[in-house]
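Just below is one structure, and these are the notes that go with it.
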């Protein structure tokens, strides 16, 4: 009975699970590029390690090691890979760290000091970033597990007291190795949970697209990681800014991602585009009014000739009034995605009137327009852009068949007006695009769009337009745990 109840609850949860409008897959082919940028960032973070002063006594010799600084990281072997179920793992083996520090030695009244180079060898670092979605729907590094170990230290002492340093080197290098082993993971934990999360904070979650609509890219569940890819499901829904709590019910086909040949794949369902079209409709943006000089002169002459019988019956002060052409979308347009292409179906009312100054408009005619637009999608940088083209166009009267026949001569000129006057304005808006949920500094290149039944996918490669460090410095949070935020000197530790 308990098993039946658990099965029923699982089916109920599945029935009400929200379908994503947008999916992103990052494949293992992107990890080489990410690793190159990540290792540069890792080296820069290791250079911030602060090692306490090391001081002690051996017989009559007093020594002090201070200002220890990591200079560089030399890699022999490194690997970045996905680890099911939610982790990204970086493994570094047999690396070496170049260090520089100041030495001071006192023996009775004799003193020796200066800077010296050293190296930490056989360095092994294992970092696992645990990825999950937070309460706002943003992906975060929720935890960092780290293991780091330095096998041996070497310092090339010289000068008058070289023999003395060689005697003391075991104490000095063992102490430095102990301190270095303790400092690596805290620095990398801070880099993952604070600095990398500041980069993920640049991914848009719920943000305005323009003055009319916004986009919601909330994660619907935690990222799913397999050995070869990382998958993220986003809501992918537009909303009118004036109705921030409104959302269109998603009844579209769930987009599917199967490929792994490119670095990244993005999938959009029909719902993604339908929610945009309905949001613009609800925001009142899908209407256009052309008055006077805005109406093409050839079309103005044709319309006046077509409705000459109605115009001559008007008062003389109205006959020469500017012509007004108003287009108003009557219902939310709908997007259809098929393997053969993407189309948008629109039904609008067309009103032709005379607009005398400071007087009520005089309507000449009203008709219905059905149009079908082809839509070509493309990714540029991080923006999804759309190019629209008018394919089919039909006008008719909702009053009578006879009036519809009378509108046939206006079909061609109105279609030309749409192609020349309206479509460029629409494309100017759609070419601005909407941002894809990627962090700042990362762009798509070499994209290929593929249509499927009910959704489309875009395969692309990744490109770092900005370095990771540049993005972090721009968006660095004020964090009191950051050792670089404090100007206090590091504590001293006595070597025993």
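Every residue gets a Cβ built from N, Cα and C, even glycine.
These figures come from a predicted structure and were not determined experimentally.
As annotated in TrEMBL, region 'Disordered' covers the listed stretch 475-496 rather than the other ranges in 453-474, 475-496.
For residue 185 (disulfide bond), the same-chain residues 6+ apart in sequence whose C-beta sits under 8 angstroms from its C-beta are 146, 147, 148.
Taking all protein chains in view, 18 other C-beta atoms sit within 10 angstroms of the C-beta of residue 146 (disulfide bond).
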